[in-house]
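Asks: Per Swiss-Prot, the features are:
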| type | residues | note |
| --- | --- | --- |
| BINDING | 54, 58, 128 | Fe cation binding site |
């Protein structure tokens, strides 16, 4: 099985909260696609709550589009990581890590402005596979933690696992 890009970086050295360009690629017509690792918490040290990350999934996707989409950027998808330490965001375009970090922080401010759980988008059995597994309070706790910590940048060159280490794993 091929080694995926996300497993060639040292998770023990990742800062969080932090944004990282996980991958650059191009469509056959030349459009740039960028995948970002939006690391909310340090791998193997902390984990996002099940209900909190699910509620963030519903809120974050819309808020990030509000703050980042424009003439040169269009978000394709924002999905939670299976390890529950963050989200992957795929988009058309090449915004800077700082632009993404600023949009992320603005989105967290938006999460704090949601007053009631009933305001969570697609919170019903028709549009959500686990519509009862939500917590606005937990999502807002996560947002407060991100705002308080600020968002830094993780660079692939700083996190790259050596061929020697990869060979031993």
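The first residue you see is number 1, and the count goes up from there.
For all residues, glycine too, the Cβ spot is worked out from N, Cα and C.
Describe the structural context of each listed feature in the structure shown, including burial, neighbouring residues and relevant distances.
Replies: Here the Cβ of residue 54 (Fe cation binding site) has 22 other Cβ atoms within 10 Å, regardless of which shown protein chain they belong to.
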Asks: Count the other Cβ atoms sitting within 10 Å of the Cβ of residue 128 (Fe cation binding site), across every protein chain shown.
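Replies: I get 17 for this one.
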Asks: For the recorded Fe cation site, whose residues are 54, 58, 128, find every other residue on that chain with a C-beta no more than 8 angstroms from the centre of their C-beta atoms, and list them by sequence position.
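Replies: Sorted by sequence, the hits are 55, 57, 120, 122, 123, 130, 131, 133, 134.
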Asks: Taking the Cβ of residue 58 (Fe cation binding site) as the centre, how many other Cβ atoms fall within a 10 Å radius?
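Replies: Its Cβ has 18 other Cβ atoms within 10 Å.
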